[in-house]
């Protein structure tokens, strides 16, 4: 499937339910031992943790949206990464969307983030902590040129390279999605230490943030992991294909309805949503 078709499918998936979804009616985590259920784009979570809003190492954006819930492994990853960043004097980590209290489908903006194992992190590290007003209405820093072929040199900082590398080297991380131009710059800057680049995957948009995805926890038996990324650093022909013009004759895919929920997620909805 060509890149344009994939982009359209992703857009349709993320906007298939712009009306409020039943998952938004669940305002607190579902009690129980932490269990990520289903796939990243069709699942839910029992026993989610709440990311502490107050931290000296990170700040949480758009708290009014209440998307700061996730599997305990995700909360620990955020705390671990932000502590590393702080200890290196790199700045404050800005945390975007995680998931809703019980996971599940958003009403727009995300096709994934459903099992409590995804988090968006801004690709900027302010030295001065943001105000409450800035956090509620954050201003993203677009690192990619208008033509989409490279990063803006005046905005690309060594600290951003280090932030992505630190995240990719974490034992629980399986994928990090960034814009192809950002992946390209990482390839240029990486030097001989390149194993971590395998986890960094080019994807549409993602011009101002990285989308970090964790592996399924070992005790979440109903969690569906993705296959591992292809071997290698991903800096060759695969990456360059993202910069090629779309092939002629590309057609818009038909709008698809969301797939059925995993049975455990449907049972959760039936029990907790009136």
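The count begins at 1 with the first shown residue.
Note: Cβ is positioned from N, Cα and C throughout, glycine not excepted.
As recorded in Swiss-Prot, the features of this protein are as follows:
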- 110, 113, 120, 211: Zn(2+) 1 binding site (BINDING)
- 147, 150: Zn(2+) 2 binding site (BINDING)
- 44-265: disulfide bond (DISULFID)
- 187-235: disulfide bond (DISULFID)
- 216-223: disulfide bond (DISULFID)
- 227-274: region 'Disordered' (REGION)
- 1-19: signal peptide (SIGNAL)
Residues that sit under 8 angstroms from residue 235 (disulfide bond) by C-beta distance, when 6+ apart in the chain: 183, 184, 187, 194, 197
Rounded distance in angstrom between the Cα atoms of residue 147 (Zn(2+) 2 binding site) and residue 120 (Zn(2+) 1 binding site): 24
Those disulfide-bonded residues listed as 44, 187, 265, and which of them has the most Cβ atoms within 10 Å of its own Cβ: 44
Binding-site residues near residue 44 (disulfide bond) (Cα-Cα within 10 Å), from 110, 113, 120, 150, 211: 113
Per-residue Cβ crowding (10 Å cut-off), top of binding-site residues 113, 150, 211: 113
Cα proximity to residue 216 (disulfide bond), best match among recorded positions 110, 113, 120, 150, 265: 113
Residues flanking the Zn(2+) 1 site, with Cβ no more than 8 Å from the Cβ centroid of 110, 113, 120, 211 and excluding those residues themselves: 96, 97, 98, 109, 112, 118, 119
Whole-number Å value for how far residue 150 (Zn(2+) 2 binding site) lies from residue 113 (Zn(2+) 1 binding site) (Cα to Cα): 27
Residue pair residue 265 (disulfide bond), residue 120 (Zn(2+) 1 binding site) - Cα distance, angstrom, rounded: 23
Greatest C-beta neighbour count within 10 angstroms, which of the binding-site residues 120, 147: 120
Inter-residue C-alpha distance, residue 110 (Zn(2+) 1 binding site) and residue 223 (disulfide bond) (nearest angstrom): 19
Where residue 110 (Zn(2+) 1 binding site) falls in three-state DSSP terms: coil
